[in-house]
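Here is what TrEMBL says about this protein:
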| type | residues | note |
| --- | --- | --- |
| BINDING | G342, L343, P344, R345, R346, G347, K348, T349 | ATP binding site |
| COMPBIAS | 20-45 | compositional bias 'Pro residues' |
| DOMAIN | 299-520 | domain 'FtsK' |
| REGION | 1-48 | region 'Disordered' |
Amino acid sequence: MTEATTDVDTPPGGLLVPGPWTPAPVAEPDPPAPAPAVTRPPPRRPALAAEPLTLPAWTRDATVARARAAHGARVAGRLAARGTVRSVPSVVGGGVRAGRGWWRWVQADDLADELRGPDGKLGEKVFVIRDHRKARWYLTGGLLLTASVGETVAAYTVGDVIPAVSGLVVAGAFAIAGRRRGGTAPALLGGIERDVRLELAPEHLNAAFRAAGMLRADAALILRSPVVRDRAGRGWEAVFDLPMGGGKTAAHAIAKRDVIAAELGVDEIQLIMSRIRARQGGNGKRIAFWVCDDDPYLGKPVVSPLVDLESFDFWGLVPFGQDARAERIEVGLLWQSAFFGGLPRRGKTFSMRLLVAAAVLDPWCRLYVADGKGGADFRSLAGVAHRYVRGADEADLEAFEAMLDELIAEMSRRFALFATLPTAVCPEGKLTPDIMRRYNLPLIPVVIDELQEYFEALETEKDRARIIGKLARIARRGPAAGFIPVYASQRPDAKSVPTKLREIVTYRYCTQVTDKTSSDMVLGDGKAAAGADASMLSEDHVGVGVLVTGPASFVTVKADLLDNPAFEVICQRGRKLRIAAGTLTGQAFGDIGAAAFEVGYAIPQIIGDVMEAFGSRTRIWTEDLLAALVNLDEDTYGDWDADRLAAELADAGVVRHSKQVKIDGVNRAGYLLRDVEGAIPPEVLAARPV
């Protein structure tokens, strides 16, 4: 391995490991300790003061004492004889070994090995080697002169014992250095991998890259910075170039990350390789390399800083998480759209909710929300969102499409307004903070979770194509008008989330998936081959995903923690901000749950859940209400029937003025929303902003 610079000082980032490098011997594992014997508690003993003083047997019996002394003498004799026989070879061997080490050091062989080019020659760097050799000779002479003067003075002042003691010390040091060892194990034993926490040298990198097909047998990586420990002491870092003439680029090496990691004896999640672009002083062959001692994405997540903020400006960067090296990752969503995908229960919705929470804390964000499953993740948004659709039943599908039509109409109105504004006010035909406040055009995040539920609920391909066209239109043209589409799906296949829609989205985030194909469905075609592969994540990586922000920009992120209680507090804070700013609109304007919180009234759980199950409907059949409650909380409502539901609602104060409701001309047993709301005290209803 060659190095492009002549600086041999230890860099501030860590410890420089001088060459040549050989892997550390791997010690034979200790035999497993025998299982502890099962012992019973000792019997209760009397106080020690009641016991007679007992001396060891060798002090009370002359025969035992003589046998013990004879055994000690035999052991001491054997040790003395063996030490005498081995001392001379050990001292000589240690002296030879010390002499060889000193000669390599004074000749600067370690520096020469590091500075040699691929052809084995030093070139102009030979002058650097000469300077170091001269300095090391001077240092050796100075140390010898100082030691000689010191020994002479000590011998005259103290006596001849000083040189004798010094000689014994030197001989002892040589004997230790030259002692016979019990055999050296090979650097890598079969089935035992190198512990990267102990060392990582350039030769290890060369061997790994050769095994991955990135280097020829006679080629080596070209160091642009030495292999050192990082500042945090969590791993090794380096910057290097692939050699010219090999036909390999940084992209080729990054695509082979799994092979390189395996050759280094680490998991691929521990290895981070990225290309250094031209604006950072790089080129197509330059790689920034970092390998962590352990999995950098495990451990407790960082609580989102949004939890402590009173308000937030959504025109800025949204705090999202941190990368493997604990660097903060922030996302700018203006003029962008986002798509979240991955397996269930891997933190996909929690990660997505970070962006939503930032919008909630900005009173100049008008939220449009649709939750295909109608779960508890976004329930708190009812008091903030301008439109909120829960579930994917027939009535919910109608409300969902009506919401899309409202968004498209608002988007068209805004573009028509931009066309009439002078260039000085609207220079790029886009929304600006000044236009937003002057013309009351707030930012509009369009949040749709469990998108596949809506597509699967549509019965015909014609209906699916119509909804897909509307969503794609919002994602394609909406960002310039201040729309921020944020979509999420558990199954991002061609049927659940069509390619036509996924390819328009600019930002992608994917938690763990089963294979590279599924990863590419979320992050984009070819991203896994380029290194952005979410299938390398394991079941332990909850809240961890691969974030793609451009054609060649991606990073693995551990998202910040924002649980349901914290999100609920943020939504309450966001509602107060909107009331104070006069920007609370739509369904949130008359939300009963938020009004109850403001007056300190706790709505009974059954009343709140039934009102949530109603969604945008004013009447519902009993069978549909039971199904919606089971979908909301299966543990609580899984075994309920119509009689149990009626009894619980009656105990909560619901008076049914009619037990039959007519929907689409069909009369069945059911409930009216106004009857359920009648169980809520009038002062709570009066607290609504309407």
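Here, residue 1 is simply the first one shown, and the rest follow in order.
Backbone N, Cα and C atoms are what each Cβ position is placed from, and that goes for glycine too.
Note: L343 (ATP binding site) has non-local neighbours Q490, T511, Q512, V513, T514, i.e. same-chain residues 6+ apart with C-beta under 8 A of its own C-beta.
For the recorded site, K348 (ATP binding site), the DSSP three-state label reads helix. The binding-site residues considered are G342, P344, G347; of these, P344 has the fewest other C-beta atoms within 10 angstroms of its C-beta.
Taking the mean position of the Cβ atoms of G342, L343, P344, R345, R346, G347, K348, T349 as the ATP site, the remaining residues of that chain whose Cβ falls within 8 Å of it are Q490, T511, Q512, V542. Averaged over the domain 'FtsK' (299-520), the predicted model has a pLDDT of 90. The Cβ of R345 has fewer other Cβ atoms within 10 Å than any other of the binding-site residues R345, R346, K348. In sequence order, F340, D377, D449, A488 make up the list of same-chain residues 6 or more apart from T349 (ATP binding site) whose Cβ falls under 8 Å from its Cβ. DSSP gives L343 (ATP binding site) a coil state; it is part of no helix or strand.
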